[in-house]
């Protein structure tokens, strides 16, 4: 339909008449490729490209290794694993006197709600290592009257304390630290004395202070409890999550194999199944919405409910299911409308997918290349994470003066070894020298933030380099398929290994150059997010608006750089030129075929996205029925969880990543074949002397569409 009412040559003439010279230049820039009888695909006689950037990348990697060695020599991960008491000692560390005391106990937990905690990341109260947290509540009077109770609580006091100690609240263990059990079984708040020492009337006084502090600490405690429940759910369901991810991998692999042999049928089945899966989601949301009609508390609005740490509370409200139903309905309508308007283009996209299926059939090893990419990315992530931990734990312990009353030495540095005989202690009798945080005054500690920034930047650079290597390798393998006159006789014996060798031998600098540009944009986005986080409380609307515009612009820039890099790597894999030349050639080639980009490439990407959506939907539905216990057959098999949405979300996100990994091979194959197809149209004219290398099916479909058919033979 679009081919009958849309005359691209006529539009081009109008653009020449009305558009700016720059726009005309973009639409017609670059000389079309000329016929070359010696061109047989990826050029084998090539030289090294972007050598300067290659040297820079090697130097940066060597410096990155040096930073890692420096961090490993200075850092101490025990500071993260083990809690630290007021003397800077590790609780529960093997080979120390505190080996059998793995938990940290706060003398007055309510002092952790002080604003000073946000500045110094340390509670201004005595902290000690204990074997276990208190498990019962007791008043000061009872502790004094009953010797056995005093002996029990003596383990929660500093050495040398007599029966003047105070009772503590029963507690619970979170991240190896003792916290008060604020909520009782009936949901009430347990309030008791929790100060270090008492003068006989402190129970009432401290109880009042505790009530005031509970309001500030309740939200934090609930959040911590939710985190612990989530971790507990993971420990009970990790093997089922792993099974779900394996099912997602097998489903993706099966889908790719079927797409190889039944591309046309599988695409239409995929389209119908996506519509049915989303339709079922709408039906399920309606059934949940109808089932909650008349239920107590189900008509509460999300606005009235506010933020809740227990997400399952939202599923008991009708408005939640109504929102889900509306969102899915909108997605369903949008997909159907897109399919209606693109119904003729889908046939062309299917032909391109069939061509990609043939290419993958001749390069089956490409399906397993994402595993190699995943392994390299896992190594990059592991090195970054370990280096970050060692850098963050390479500070020295800093001790400061903490006191209850006013003191001129408050928050000043001190030495715990001789503090009892120091002038600070003489001036402030109730002061204590306690461990505050980890820091340092050396040159290494001063530039520690710079090393952390370098660690993050090199993480982006290395991760983007690994991704770029995968794209160029697959592009080299699939382009060798397209330009082979007799397939597969004219192809290399091992296309993937040959392309990988060419990429590393000749184009390491080009890969480093493209990934460096992308990494700079990404690190700027990280800095903008950091600034935005710091300005959350600011009320300057102009600053907020400007920051929002910058974030949006750099997000768009990142997308454009990724698109340009991807196509530049394809041109590098074919012709072996440097990054800038390849990026220019790819950009101008796409601009000369802008209609074909919209009709072929993007429609094909949309169909592949539907395939990923289908796999995620199928696996997600099975995970929902299994973990939620909706199917009676699975009631005894499914683990008992606090939040069944935890493994469901994990399986859904993991399934998408797995499906994306497999479909990325197809997407790279389609993009490579598309650029080769555009070059084929410019190099050849379909004659016996200059035949097209595209398949006859794709040729016949293209020549039925005026938008895609060349204006004149080249």
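In case you wondered, yes, glycine gets a Cβ from its N, Cα and C as well.
Pulled from TrEMBL, these are the features on record:
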| type | residues | note |
| --- | --- | --- |
| TRANSMEM | 49-72 | transmembrane segment |
| TRANSMEM | 238-259 | transmembrane segment |
| TRANSMEM | 265-283 | transmembrane segment |
| TRANSMEM | 321-342 | transmembrane segment |
| TRANSMEM | 367-391 | transmembrane segment |
| TRANSMEM | 456-484 | transmembrane segment |
| TRANSMEM | 504-528 | transmembrane segment |
| TRANSMEM | 606-629 | transmembrane segment |
| TRANSMEM | 641-659 | transmembrane segment |
Worksheet entry | Contact set, same chain, for the transmembrane segment (367-391): CB under 8 Å, 6 or more residues outside the stretch | 67-68, 71-72, 74-77, 80, 253, 256, 360, 448, 451-452, 455-456, 458-459, 462-463, 466-467, 469-470, 473-474, 496, 661-662, 664-665
Worksheet item: Which sequence positions outside the transmembrane segment (456-484), separated from its termini by at least 6 residues, show Cβ-Cβ distances below 8 Å to it?
Response: 39-42, 57, 60-61, 64, 356, 358-359, 362-363, 366, 369-370, 372-373, 376-377, 380-381, 384, 388, 490-492, 495-496, 498-500, 502-504, 507, 511-512, 514-516, 518-519, 522-523, 526, 565-566, 569-570, 572-574, 665, 668-669, 671-673, 676-677, 680, 693
Item to complete: Taking the transmembrane segment (641-659) as the first stretch and the transmembrane segment (265-283) as the second, find out whether 3 or more Cβ pairs fall under 8 Å, excluding pairs closer than 6 in sequence.
Response: no
Fill in: Tertiary contacts of the transmembrane segment (238-259) (same chain, 6+ residues out, Cβ under 8 Å)
266-267, 353, 357, 360, 367, 611, 614-616, 618-619, 622-623, 626-627, 638-639, 647, 650-651, 654-655, 658-659, 661-663, 665-666
